[in-house]
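Undergrad: Have a look at this one.
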Amino acid sequence: MSDNGELEDKPPAPPVRMSSTIFSTGGKDPLSANHSLKPLPSVPEEKKPRNKIISIFSSTEKGSKKKEKERPEISPPSDFEHTIHVGFDAVTGEFTGMPEQWARLLQTSNITKLEQKKNPQAVLDVLKFYDSNTVKQKYLSFTPPEKDGFPSGTPALNTKGSETSAVVTEEDDDDEDAAPPVIAPRPDHTKSIYTRSVIDPIPAPVGDSNVDSGAKSSDKQKKKAKMTDEEIMEKLRTIVSIGDPKKKYTRYEKIGQGASGTVFTATDVALGQEVAIKQINLQKQPKKELIINEILVMKELKNPNIVNFLDSYLVGDELFVVMEYLAGGSLTDVVTETCMDEAQIAAVCRECLQALEFLHANQVIHRDIKSDNVLLGMEGSVKLTDFGFCAQITPEQSKRSTMVGTPYWMAPEVVTRKAYGPKVDIWSLGIMAIEMVEGEPPYLNENPLRALYLIATNGTPELQNPEKLSPIFRDFLNRCLEMDVEKRGSAKELLQHPFLKLAKPLSSLTPLILAAKEAMKSNR
């Protein structure tokens with residue numbers, strides 16, 4: 001551009017509309033040769049068209065601090081919607097408008113075309129489940145969660161039409177950070193997960209827009225504010241005991257190592273009692289609220305069928321959680337290494353139901369019942385553990401909506417992201433009973449996506465050899481694994497089931513525990 005004074009006095013030429021192909025060649029703009037003109041003055045920054053969502057946050061990366069201070073503060077967006085057009089053509093049997101990554105997942109899922117056509121909404125539900133931006137592992141997990149950019153809600157599908165527009169509401173809720181876990185010997189796909197709550201709102205009556213906006217406002221008010229790290233640390237200081245656990249406990253022996261913490265056995269110096277100690281590095285915990293939740297629940301809820309919380313200490317950023325030690329290990333070792341008879345299974349189910357009846361009576365849902373979270377004493381005692389995922393329910397919120405637990409043990413209403421109540425624990429107990437029969441939960445050998453589809457659509461899973469089970473046991477399983485939540489038994493009801501009257505004494509579990517330990521030694 002020339003610095004000629006004459007050009008400086010000329011007004012700028014009107015802007016010329018150019019097609020994108022002119023710039024795509026990479027050469028000089030051919031039109032510029034015909035106009036010895038200065039470019040149009042730049043539009044003031046405040047008036048630039050910009051993306052409503054991205055530009056609010058991009059200033060921290062591109063703009064200077066000075067500019068930030070000059071601009072009025074703008075709060076992050078709330079209640080914004082990300083619309084995804086996903087349809088299902090009943091004639092061709094194909095989804096339309098599906099995100100590319102979901103399409104790739106579906107292609108390798110082993111969900112047949114017939115299954116997709118039979119229940120396309122269930123397919124979308126399980127694809128949403130695999131949205132890795134919302135799937136979280138619990139604390140002490142061995143592998144850090146992967147993050148991916150996905151829409152945060154599952155499109156709702158209207159199968160009556162060939163294509164529908166689905167509105168996905170992205171909420172800034174408590175469950176969005178990477179999440180806390182327990183050490184489990186199973187493959188990654190059997191580990192506990194935690195995902196954001198996504199429930200489609202009940203549509204407002206036609207023409208009554210105020211009802212919908214009022215409901216949203218009410219939901220916002222009910223949502224509890226997210227605690228800052230400092231608030232969490234302050235809360236922890238009010239919960240824990242003062243002192244140094246290294247002085248109160250001795251003979252530390254490591255029995256487990258996770259990505260963000262370690263589990264030891266140790267001995268109480270004063271009492272000579274053997275305990276289990278979780279040492280958790282809080283700096284590595286992106287979901288610290290779950291730790292507070294677990295401590296508070298275990299502190300308040302004392303029951304013979306729940307692993308006893310003993311104490312907790314905070315030393316710098318290290319949290320020490322001291323718990324009762326059960327030397328028999330987890331029920332997983334027994335179900336994978338030995339064969340249980342029906343009377344032994346009945347004994348374990350009875351003890352777990354006693355724990356669940358107590359929890360549910362205290363308005364607590366465990367949400368992660370599986371053999372990994374049932375610990376055994378050498379004398380055969382059976383106790384539930386791992387309350388990082390438990391949820392309290394109130395009269396105002398009698399149903400939960402967060403997808404949480406472990407995929408193969410999940411109730412259908414959780415997989416399909418419906419509101420749920422305490423009976424999700426009963427379904428998981430039924431799956432655990434099948435574990436005790438077959439050594440693993442149903443669908444474990446299926447592709448995980450297809451397994452979720454089958455859980456969502458099949459109802460009660462089929463047993464490998466149902467004829468080998470007594471009618472009374474099959475009836476107990478059917479009561480636990482009833483697809484209709486209203487017909488599914490409660491913990492209180494199932495404690496009266498005739499199957500539990502077959503239970504052997506708990507001491508009958510001791511030979512199984514010893515056999516499992518021996519088998520595991522041989523496998524090393």
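Here, residue 1 is simply the first one shown, and the rest follow in order.
Keep in mind that glycine also has a Cβ here, set from the backbone N, Cα and C atoms.
Sharing the feature lines straight out of Swiss-Prot:
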REGION    1-81  region 'Disordered'
MOD_RES   Ser2  phosphoserine
MOD_RES   Ser20  phosphoserine
MOD_RES   Ser55  phosphoserine
MOD_RES   Ser58  phosphoserine
MOD_RES   Ser59  phosphoserine
MOD_RES   Thr60  phosphothreonine
MOD_RES   Lys62  N6-acetyllysine
MOD_RES   Ser64  phosphoserine
REGION    69-137  region 'Autoregulatory region'
REGION    88-248  region 'Linker'
MOD_RES   Lys128  N6-acetyllysine
MOD_RES   Thr134  phosphothreonine
MOD_RES   Tyr139  phosphotyrosine
MOD_RES   Ser141  phosphoserine
REGION    142-190  region 'Disordered'
REGION    204-228  region 'Disordered'
MOTIF     245-251  motif 'Nuclear localization signal'
Undergrad: What parts of the chain pack near the motif 'Nuclear localization signal' (245-251), using Cβ distances under 8 Å and only residues at least 6 beyond its ends?
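TA: Same-chain contacts beyond the flanks: 265-270, 275, 277, 311, 313, 315, 320, 322.
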Undergrad: Take the Cβ of Lys128 (N6-acetyllysine) and count every other Cβ within 10 Å, whichever protein chain it belongs to.
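TA: So the number of other Cβ atoms within 10 Å of Lys128 (N6-acetyllysine) is 25.
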Undergrad: Report the DSSP secondary-structure composition of the motif 'Nuclear localization signal' (245-251) as helix, strand and coil residue counts.
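TA: Computed counts for the motif 'Nuclear localization signal' (245-251) are 4 helix, 3 strand, 0 coil.
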Undergrad: Average pLDDT across the motif 'Nuclear localization signal' (245-251)?
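TA: Value for the motif 'Nuclear localization signal' (245-251), mean pLDDT as a whole number: 94.
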